[in-house]
């Protein structure tokens, strides 16, 4: 039995290595395609077809599901928001392989089915947690760049440039991630997509950010009905800057509470690890005895509930 489990773990690790190589090769190929696309656009030889315009306007595929469980459309949206150029199918397969590797590894080493299930859940959730973390960091960076970008667009409009040229110059001057998104908007318009659709695609990639919705709404309303866009964008820039300042102040004022929540959340794990080192039999009872397993499940649920409650208590919507 141990030989069989060891063989399964070996095959899963081998599959993980192949999966990582597969993902890295996909990233390299996508970067080459993007470079070729930029070059062809600069040479004005990139054909524009109705099919390509509709595909770009629709924002990719929708409604695709892997094995009836994984919503690939939502996963693709998350990958785009996290700026991870990996196909959704490959990311889903990588998460499944990580989960299976953790399951069989714990089953082979500890011979504990519940622990193996927890390891499988952790392996599957790890890529998702990384994507959510990258998305949050990218969102924060994008919001910090928005006031300066809007100020740059306002200055360009005041000297007589059109909105399209102002977006083009802002996309060239502003670093990623906002500069890349503005360049994407301009490229979509160059491919024949309507201005409002390009803005809506940008908003769809950042639906959780109210600042992006305010920005796109201002551009779309001005394009359709007219108005003093420079004044609206200048006021919006001040509003976003004030909101970001308020968020930083709130984060500073809640630093003590967040630190306490982190310490209280880590403390049970640290105590459990300490007893695992000095008295392993105390911890083994939680896995071997039926009452111990029930206590462990209740402890995990209470720990999770406490962490969520403390997180909500130290978070203020601005």
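Glycine is no exception: its Cβ is also placed from the backbone N, Cα and C atoms.
Fair warning: this is a prediction, and the values are worked out from it, not measured in the lab.
According to TrEMBL, the coiled coil annotation covers 229-256. Note on the coiled coil (229-256): residues 143-144, 146-147, 150-151, 153-154, 157-158, 163, 211, 214-215, 218-219, 222, 314-316, 318 of its chain, located 6 or more positions outside it, place their CB under 8 angstroms from a CB of the stretch.
The annotation domain 'Type II secretion system protein GspF' is assigned in TrEMBL to 150-275.
Positions annotated as transmembrane segment by TrEMBL: 6-27 (among others).
What TrEMBL lists as transmembrane segment is 91-110 (among others).
The transmembrane segment annotation in TrEMBL covers 116-134 (among others).
TrEMBL lists 261-283 (among others) with the feature transmembrane segment.
The feature transmembrane segment is assigned by TrEMBL to 295-313 (among others).
For the domain 'Type II secretion system protein GspF' (150-275), the number of residues in each DSSP class (helix H, G, I; strand E, B; coil) is 106 helix, 0 strand, 20 coil. Same-chain residues lying 6 or more positions outside the transmembrane segment (116-134) and placing a CB less than 8 Å from one of its CB atoms are 78-79, 82-84, 91, 94-96, 98-107, 110. Tertiary proximity for the transmembrane segment (295-313) is limited to same-chain residues at least six positions away from its ends with a CB under 8 Å from its CB atoms, namely 114, 257, 260-261, 264-265, 268, 286-287.
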